[in-house]
Amino acid sequence: MTLTAPPKVPVDGAPGVPVASKRRSRTAASGPASRTLVSVVDLRRHRTLYFVVLGLTLLVFTLVFLFPLYWMVSGAVKSPAEFARSTPTLIPESFHPGTYVTAWNNMQIAKYFTNTVFYAFGGWIISLLVDVGVAYALSKLKPIFGKIVLGGMLASLMLPPTALLVPAYLTVVDLPLVHLNLLNTPWALWLPAAANAFNVYVLKRFFDQIPNDLLDAAAIDGAGKLRQLWSIVLPLSRPVLGVVSIFIIVALWKDFLWPLVVLQDPDHQTLSVALARLANTSQVPPTELMAGLAIASLPMIVVFLIFQRSIIGGLGSGSLKG
Amino acid sequence: MSALPTVTRAREARAGLLRRKLSDNLLAYAFMAAGLACFALFSWYPLVKGVILSFQQDNFVVPPYWVGLDNYRALFADPLFYTAWKNTLFFTALALVFGYVLPFFIAVLLNEFRHFSGYFRVLVYLPVMLPPIVSVLLWRYFYDPGNGLFNSILRGVGLPESQWTQSSDTAMISLVLISTWANLGGATLIYLAALQNIPGELYEAAELDGASIWQRLRHVTFPQMRFIMLVLLLLQIVATMQVFIEPYALTGTSNPDTVTVLVLVYRYAFTVNNDFGLAAAMSVLLFVVLGAFSAIYLRLTRSAD
């Protein structure tokens, strides 16, 4: 369950859609740069001013957005005494990289990390299976009442997930009809994550652009519907599958409130929930907690640096106009 | 003799077509079965159940029974109810000033730079990628009134120190600050993308007419960005009214200075005495308020398709 209504994803590289000029990168654009508020002539005239403003902005933004992360990573290697000093040290005077190992072992971060990885990847696979199935059926098989099904799913976008917190929790405690209790099981995260109208919508819109002729040709060659999905639709949909995958995994990794209520047993908690709990006990030294925070952020930062083009482009070019 | 086979053949063909259609539909619903089950269980059913629950007493102790409007009466009688809405609205309003207006000007500024544009984008979006609990716990150390980073800096430059989250005057503002730091990257990047779609000729023409930078910003940039700003406004309101993790991890769920609507829902349902009916009534109210904003948002973006 994500907290914000997600932005729409651009349907980059859809078959039949020209891929060119999706991402307008100022630096890559050859020829005259596209005109903005200040004209190129003015920029040339006030060259010094431009560089002063640029330099100041660089400094301030790096301080504001990067320094806290530096403080977290470097704070972890300080000695507890140095960490607690009233005049903080910029560069750690004491150097204890072992804190990361201690945190990994003592705070059982290893366990919570494994839990979170398991939840994220399991949820990723299940969400993809479920959402691709729905999107493919709605887009290519066009069953009766398909429009109503899609409408019902899209309507759920209007529900702020947190407003359903209590009834959804009670549903997990006692699943209707089958009376199963999913509390403290991965299914409590996976199944609600799969009910994601946004993913269904993005996938369906992409599948819509795949020409039916391709599927008909395959059908004549004897391919069934499942085979058509597997051998034609999915290979053509790699870009959108990638973007949807990133969104699913990042959302599962960052989620807090839902895992907090459905995974109350410490053995099954995610890293985020466990860190919040451990931060309120006095047994954990602050330097170890810093190490824990750094470890929890690392996978997201790596994902971001690898997929930044998809993530930033996904926010940008498609933006909210869909 | 010759008519009979044709009729049966036609009937057979029609029956075959029907059978094909039926089997196609069955197949389609087989593909959707898992999805339908997930949506039914975790989206449609909880919506109905939430409304029903708000008229029931349900607490794991006795089987649920109907209590009519008692939950709503109990809500309106709880002084925390008003505090929670007041705090939430205050948070939302402040978060609009910081998290909605500020990213606009950041985006306008960044859009003028011809260098480091990739670096700036990564930088402002980096906090958005962090798990929210990481940012919040990290800032808890910055806010520490004793030797926290912020007070150390204030002391260093000779300014008066602040109690930050621990004083009722500054608690809410502190929550907004961390929330803004953690979230403004998203809005900034969306603004940036919209800015790049403004045709350069408009600025060119305005400049030829002698418009100053401020006039260009006011008469070219603003009108061109109106739609995206409206959409982001709605998104921002819906997101910030669901604030939870900042008060949960920074000031605790029992602190009246920072209790918000969702914190109160959490308190009713999970910390005090599993009063799910009361929590559901609060959720229904939250849903009505946010549902209105979401509906406008969806209408706007759909009709723009």
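Placed from the backbone N, Cα and C atoms, the Cβ positions cover glycine too.
Per TrEMBL, the feature region 'Disordered' maps to A:1-30.
The feature compositional bias 'Low complexity' is assigned by TrEMBL to A:10-20.
Outside the transmembrane segment (A:49-71) by six or more residues, the chain places 43, 297 with a CB less than 8 A from a CB of the stretch. Among the features that TrEMBL reports, transmembrane segment is placed at A:49-71 (among others).
The feature domain 'ABC transmembrane type-1' is assigned by TrEMBL to A:113-307.
As annotated by TrEMBL, transmembrane segment applies to A:117-138 (among others).
Per TrEMBL, transmembrane segment is recorded for A:150-172 (among others). Proximity of distant same-chain residues to the transmembrane segment (A:150-172), defined by a Cβ-Cβ separation under 8 Å and at least 6 residues beyond the stretch ends, is recorded for 1-3, 5, 134, 138, 181-183, 188, 192, 195, 197-198, 200-201, 204, 257-258, 261-262.
Outside the transmembrane segment (A:187-207), and at least 6 residues removed from its termini, the chain residues within Cβ reach (under 8 Å) are 1, 5-6, 8-9, 11, 14, 119, 122-123, 126-127, 129-132, 134-136, 138-140, 150, 153-157, 168, 172, 233, 237, 240-241, 243-244, 247-248, 251-252, 255, 258-259, 262-263. According to TrEMBL, the transmembrane segment annotation covers A:187-207 (among others).
Sequence annotations record features per position, and here TrEMBL assigns transmembrane segment to A:228-253 (among others).
The annotation transmembrane segment is assigned in TrEMBL to A:289-307 (among others).
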